[in-house]
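Below is one structure, written out as structure tokens; the observations come after it.
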Amino acid sequence: MDCYNRPIVHANVEAGTWPMFNNLIVAYLFLGGMGAGACCVLNVLGFATERAGIAPRRLFGFGFLIASAVCTVGAFCLLADMRRPDEILILLTEPTLSVVSVGAYTLAATILCGVFSGLAWLRVLPVPPLAMRIVAAVHIVLACAVMTYTALLLMAFSGVPLFRSPLLIPLFLASSLSCGAAAVTLSAVATRTWDSFAPAMCRVALADAAVLVVELLVLAAFVLASLQDAPASAWRLIGGSAAVPFWAGLVAIGIVAPLVLYVLARKVPALRVHPFVPAALVLVGGFVLRWCILAAA
């Protein structure tokens, strides 16, 4: 919905069809959730990390900037799908209490906090440790709000039965946190700081495994509830046009496979599972989850 409480995605209401959600919306839901999740994970790690040294500056400095860039790209995807992108000016100059208005300002604040934190970790901005912790606490709250907002945005389309389920919120929240943890892991690998933070990264992997279990349980509950509340969409999801991506791309590749790899890496160290592999699979699952839900709707 836009600042006038109108749908921001293309819809053919006159023809009696459901809103047409395209890949721009899928990209926003994925990038916004992943970027916010990464900000949340980085801030939690930052509370237990000293700012001294090159490795923390690289991991957190570049990590926050990349996460903010990801959120920004997601916001542009949402903007590009608006029927009138110029209405963003009205949204900024005449704010309301609509879901989109509050979400837009929360997303903007999350991006700004991420840029600020990144520059502070890179020592571009001289920020006292206490101020950094205060910003980190605020940033965590904002990031959680953005992750929740990605679900609320869909729930605003009350005419779509599949989106009415309140389970969308914990489902998207768990997926976003998991994708954020995976993104931080990939960032550590890319910046060659994984070895310097190996104990912390192992805890991130353990936390991600726990979140994946929660995501799988919530997903099962969501599907079961949808079979009662939105049977047509639920059957498209598990046995129709979206079944192959759902079972293969989401459940098998995006949740079960990385979960198994996390367990093997912890229980059988001799296998030497590269952290890149489960993290990449988690991101695949995060994207497929959003695509499947929109495709089934």
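Here the Cβ of each residue, glycine as well, is placed from N, Cα and C on the backbone.
Just so you know, TrEMBL annotations are computer predictions that nobody has curated.
According to TrEMBL, the feature transmembrane segment maps to 25-47, 59-82, 102-122, 134-157, 169-190, 202-224, 244-264, 276-296.
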Task: Long-range Cβ neighbours of the transmembrane segment (59-82) (under 8 Å; 6 or more residues past either end) - done: 2, 8-10, 22, 24-25, 27-32, 34-36, 38-39, 42, 45-46, 49, 88, 104, 107-108, 110-111, 114-115, 117-119, 121-122, 146, 180, 183-184, 187-188, 191, 193, 196-197
Task: Folded-back contacts onto the transmembrane segment (169-190), same chain, C-beta under 8 angstroms, at least six residues removed - done: 29-30, 33-42, 45, 59, 62-63, 66-67, 70, 144, 147-148, 150-152, 155, 197, 201, 204-205, 207-208, 211-212, 214-215, 218-219, 222, 258, 275-276, 278-280, 282-283, 285-286, 289-290
TODO: Could you pull out which residues elsewhere in the chain have a CB under 8 Å from any CB of the transmembrane segment (102-122), counting only those six or more residues past its ends?
DONE: 32, 35-36, 39, 42-43, 46, 51, 56-57, 60-65, 67-68, 71-72, 75, 88, 91-92, 95, 132, 135-136, 138-139, 142-143, 145-146, 149, 152-153
